[in-house]
Structure formats: C-alpha cells, structure tokens
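K.L.:
Got a structure for you, questions after.
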Amino acid sequence: MVEEDLNQIGGNSNYNGEGGDPESNTLNQPLVKANRTLSSTPLALVGAKVSHIESLDYEINENDLFKHDWRKRSKAQVLQYVFLKWTLACLVGLFTGLIATLINLAVENIAGYKLLAVGHFLTQERYVTGLMVLVGANLGLTLVASVLCVCFAPTAAGPGIPEIKAYLNGVDTPNMFGATTMIVKIVGSIGAVAAGLDLGKEGPLVHIGSCIASLLGQGGTDNHRIKWRWLRYFNNDRDRRDLITCGSAAGVCAAFRSPVGGVLFALEEVATWWRSALLWRTFFSTAVVVVVLREFIEICNSGKCGLFGKGGLIMFDVSHVTYTYHVTDIIPVMLIGVIGGILGSLYNHLLHKVLRLYNLINEKGKIHKVLLSLTVSLFTSVCLYGLPFLAKCKPCDPSIDEICPTNGRSGNFKQFHCPKGYYNDLATLLLTTNDDAVRNLFSSNTPNEFGMGSLWIFFVLYCILGLFTFGIATPSGLFLPIILMGAAYGRMLGAAMGSYTSIDQGLYAVLGAAALMAGSMRMTVSLCVIFLELTNNLLLLPITMIVLLIAKTVGDSFNPSIYDIILHLKGLPFLEANPEPWMRNLTVGELGDAKPPVVTLQGVEKVSNIVDVLKNTTHNAFPVLDEAEVPQVGLATGATELHGLILRAHLVKVLKKRWFLTEKRRTEEWEVREKFPWDELAEREDNFDDVAITSAEMEMYVDLHPLTNTTPYTVMENMSVAKALVLFRQVGLRHLLIVPKIQASGMCPVVGILTRQDLRAYNILQAFPLLEKSKGGKTH
C-alpha cells in the first residue's frame, strides 16, 4: 500500500484513539504516520495510495456574490435545481443497476465456464489437468485485477467503503471517484470474484455507485466536463455529498437487491449528515436500481444471458419455506448472537494485524503487491480443489426433487470424484461461486446434506482466506466472506442442536451470517432489513433482531467495527460522533495556543502581502480584519473588527484574474459581479505556482470584502474541545474560528482557527500527553 513516502512521515495511535510510545506500541500505530505536532501535514491511504488529505467545504460561503445570486434566483431556476437533483438521483440508480448487471453477467459466465472445464476433466479422472486449469485461470484473472489496481488506479483497491464514509464525514479523498478508478473497479471486481478469491462484489458496488454519482454531479471527468449551465447548481461540496450518498445506497441495493436495506445502510453506516429530503432521493435511487435488476432477471431467466440465471444477483429466496420456532429456541438463538459477536470482534482484531503485515510487504514496491495477490490466489485455488478429496462421498437421497449428483457449475450435490449415485458435500461448497456456496448453506429441509466434518473444514478454510485475502491489491468486499463464515458456523450449530430445536439448519445458517456481520460491522437495522429482503421471508424478523442486537453488543465490548479500524489504519481524519471524555478538560483557547499564530489579512490588502502569505503558509483560510470606524456594542474603542473568513482558493482566483486596484479603496458590488461569477468561486483552484505577478502589480491592492464569508462559525475561547468537536462535526465545517472572551483595543479579534486535524484525539494527545490521565480521561 505504502511505498517510500512512509519513511518521511511520523506519529502514533491505536484504533481506540489512545496514544502510546512509538517504540513499544508499533502495532497500534496508523499505517501512514503524522508528525508529532498539532498542525501536522495530513497524509492518509486512499485505496492503496498515499495522498495529501484536505477537508471539504460543506459550509455555505455567505459572501456578497452568493447573497446576490441567491436573491436573484427565479422560481424557474429553483425548479431547475430541484428537477436536476431528482434527475441525477434517477440516473445514479439507472447506471448503478446496469453496471451491477454487467458485473454479475461477467462473473457468472467467466466462473461458470471455468468450473465446467474443471468438471469435464474430473469426470475423465484427469485430476492433475483439472487442477492446472483451475489454478491457471484463477491466476490469470487475479493478475489482471491486481495489475490494474497497482499500475493504473491504486485507489480502486479494497472495498472503498471506509473512504466513502470519510468523504461523507468531510474528508476530501483525492482520485477516489474518478473515471479511471471506476473502470478499474469494475474490471478488477470481475477478475477477482471470478477467480474464486474469498472476496465479494458488494463493497466495490458501493464504491462504483459513488463514482457514478460523483461523475454525474460534476458533469463528467476532470478533463472532459460538460459545461451545462444547469450543472453549475451542483458545483459545490454539499450537493455532491448528497449525490454520493445516493450512490452508496444504490450500490448496496444493487449488491443485495435490497432497496430499503440500501437506504438504511447509507443512513446507519456511511452518512454523517441526514435529512428527510435526502431520504426520499436515496429511496428513489434504490427503487430505480430494483426496477433495472428486475428487468434483467426476466431477460436472463429466458436463457439469453449465457450461464447467468437467478444466481448472479444475490437473492436467497426462502419465501416458500415456512419456518417454525418456539420460546425454547430463544436460547440457541441467543447463543448464535454471542458466538457471532465474539468471532466478529476476533476477526476484526486479527485482520488489523494482517493488514499491518501486508503493509510491510507492500512497502517494497509494485511487484511485491502483485506477487502477494498471486500467492493468495494460488493458495486459494489449491485449497478449493484439493480439500474435497478429504471428504467422504455421500449417497444421494432419492426423496429429494433436485438432480443428484451434478457435474455442472452449480447445484447442491457435486459428484466430484465420487461414483454414480454419490456426491461430495465439500466440493458442493468449494467448487462453485461464492454466491452459490451461500445458497447451498442457506438451503432448507436438507438436514443431512452436509456432514459436520465438511462444514468444519469449510469454516476453518474461509476464516483463513477471509483474513489473508482482504488487503491484497484487488477490489474487494467484506460482506460475502463474512456471510460465508457465519453461514458455516450457523449451520454447524444447527446440526449440533439436532432434535433439541425445531429451527431448520438453513435458518441457523442465515442467523449465523447475520450474527457474524453484526459482530464485525456493528450494524443492526440495515442488516436486519437486508437479510429480510435477501431471504424474502418476514417470519425471520423477530429472531434476526435478537441475534443482531446481541452480536453487536458483544462485539462492541471488545473493539471498534471493522470499517472504523480500517479508517484508523489508513489515517483518514474521520470525526466520531462522541468526543473523548478527556476533551472536556481542555478549552479551544488552550488548543489554539498549541498551534502557530493565526495569519490574518486586511479587508483591503496589498497584493505583495497576499502573495507572501500564499507562498509561506499552507493554510486554506484566513481571517479578514477591519479597523472599526464606529465601535459596535461591546467592542472597545479602536479595537479591530472581524469581517469574516476568506478561502485560499479565492485568493488564488483573485491573483489569476488580476483583479487589482491602484488605490486602497472598497469596491462596488457591480465591479465584483462582472469579474467573478458566483459558480466560478465554487471550483477549487489553489495551485499558486503558475501565477506570475509583476513588481508593479505587487504594489497594488485587492478588496477582499466581496469574497469574504461574513458569517463564519465562531466559538468562545473558553468553550471545551468536546463541545467544539460536536459543533464542528454536526455543521460540517472546514474551519472554526476561536474568538476571545474579552475584546480590547490592540487585541486581535481571532485567537486561532481549528481544523479537522486539530480535533483528532491522537493529535491532541501528542500536544497534551497528560490529558488522558486526567479526570474523565478514560471511557468507563
């Protein structure tokens, strides 16, 4: 993931936000380390690439240009804006559904023909040839996926969900939603899943849906954007944030054919800000996805999609099965939840260590990333082909309606090397696609289909593969690997209960999968609805709710969710909803004192001063001050007035357009409107290197008043950091000004500026190491 850049970066913390000695606590440090200062240069892993991280501007910049544009908007323009939001939400659902269908078609056909070829050699008892075909095909598919991620789009590696979660929290993740990333994600997902790796396409589909939303919102790629006038309304971070939320919900819906589950996933897991209008649009996007998927299912059921049928869209329909359970079954159901919570937290802990180990390998260079992926693929292929030889052949049950044995790509009873009339239960689970393996485990009224020994082998194998496959340089999802592990242990528990319970083994498998997902991902409501829509059986609702609540509670007592752990490992500055208790013992004024002095500008500033500030600082916003001619109420005579806050990008725009004045004066409103259309200021343009200013221009002036946000959020210097963090996160700020409690003549009206990096727990602990030991320092 990280190459030589890591040697130049430093800091530490574990995934609970606790500081520690770098020598004795190296396993608990972020993969990308920050300098041991409060104002460190923000670096993080985006996908598998080290990137410079900035925050997004979710706050409305209320400068004079925005106010004028807002006042002059007609009803027709407002309707255009509303119509555009709903149209883009529809297009997000449409394209996500189409791409999900394409991925499923490709995976099912590629994997299907591969398994048919292997089965052909098995029937001829050419076992070595069958192994070579399986290994060769899987290595080739893995090579394609890995090379694309390593060489063309490192941000496409992994699930993408942690980066999306960070983006919706206010973190700008560079190159995360580009066209190249999306294409590599699509092709790489097809290759990795068709190669039989223990990966799912659910996480990548969430990322793909978000990429589609981002590209539609900005009118295309960075180099080929549509200059449509209507799209100017979407030229801001707030609307793009909402559209990407729709894209993430559409991705989950496309993965599980779960429209309500997709909306709830976006609400519960990825979105930081939510409101009713966004709820309606995300629901509309998922509804469009379902319509597209339903239409393609009808087409494919007629045999027009090659080997693709109902299988590719993960829909384990058990609506025709009537499950029965009684009060006495609550005890085994609770046991499933407890085991799921313990195993889920253990999986999170071990995966945390494996990702650190993989980081050491990936630091060595691109070739090592590809070799690691190929090694995992080789190990997986050998296990999938070789382990079924350890299982005993089982006789076919003549009372069942299904064909037994089968030699095709799917089916519940694979013959493998068994004689006629017998099947290999372990081959049924291993020599198939991951989707079909889940269907086989979820199958009902088949109490004797899988032996306990085969289930144990399958469970142990997929625990190992689930740990060592995630983290390689391919697109990957965590949903399906966890479902496979959970379904296996759930079915084993059902078989062990035997006649002591009335619950079907297939239902135990469903509950086991739900419990392990809740134990690892710590979601409840969205997972409950996803599993109900997945199985199409409302009878599962009561016991599914119990299992999810117990598993999440048990898991929370050990460690954070898997996505929170990955967020920390990547160094993404995600702000949690609940501040640390010790943050109430520190004021924002004390935090501001630990930073370098604040850099301010005058309302009418000299060009040379602006150039000097831009060259010598990396700040992205500067307070604009004015000498108060008429003292305001409560303002001391001769005190300086805070006019507002101006962004670095706007200063660069001023210099590039050379909007200079020969004399020091305030400009008229019409002068600014002629030079700066409001929608232009929404574009980020902070590259100052190519701006050439002459010596004569250096002596000119710039009136910053029209471009200044006159209503920035401010807090008193005696406010606690905990309270400031809650405000910063809930409002979606990029900068928060600290103002003094008492204004006096000659005193600067701004004590400091807080940014996202300043409010991160382990950054604060580097500057105030004794805070954690203070009263309330530990969470009880």
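Keep in mind that glycine also has a Cβ here, set from the backbone N, Cα and C atoms.
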K.L.:
Which range, 630-650, 735-755, does Swiss-Prot list as transmembrane segment?
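P.N.:
It is 735-755 that Swiss-Prot annotates as transmembrane segment.
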K.L.:
Compute the average pLDDT of the predicted model within the domain 'CBS 2' (708-770).
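P.N.:
Value for the domain 'CBS 2' (708-770), mean pLDDT as a whole number: 90.
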K.L.:
How many helix, strand and coil residues does the domain 'CBS 1' (594-663) contain under DSSP?
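P.N.:
With helix first, then strand, then coil, the domain 'CBS 1' (594-663) has 20 helix, 21 strand, 29 coil.
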K.L.:
When you check the transmembrane segment (247-267) against the transmembrane segment (735-755), do you get at least 3 Cβ pairs under 8 Å, counting only pairs 6 or more apart in sequence?
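P.N.:
Between the transmembrane segment (247-267) and the transmembrane segment (735-755), contact is absent.
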K.L.:
Determine whether the transmembrane segment (370-390) and the transmembrane segment (477-497) share at least three Cβ pairs under 8 Å, counting only pairs 6 or more apart in sequence.
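P.N.:
Since fewer than 3 Cβ pairs under 8 Å link them, the transmembrane segment (370-390) and the transmembrane segment (477-497) do not come into contact.
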K.L.:
Reported in the order helix, strand, coil, what are the DSSP residue counts of the domain 'CBS 2' (708-770)?
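P.N.:
Counts, helix then strand then coil: 21 helix, 12 strand, 30 coil.
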K.L.:
Is it true that the transmembrane segment (205-225) and the transmembrane segment (452-472) have 3 or more CB pairs under 8 Å, sequence gap of 6 or more?
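P.N.:
When sequence-distant Cβ pairs are counted, the transmembrane segment (452-472) does not touch the transmembrane segment (205-225), since fewer than 3 lie under 8 Å.
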K.L.:
Taking 3+ C-beta pairs under 8 angstroms (sequence gap of 6 or more) as contact, is the transmembrane segment (177-197) in contact with the transmembrane segment (130-150)?
P.N.:
yes
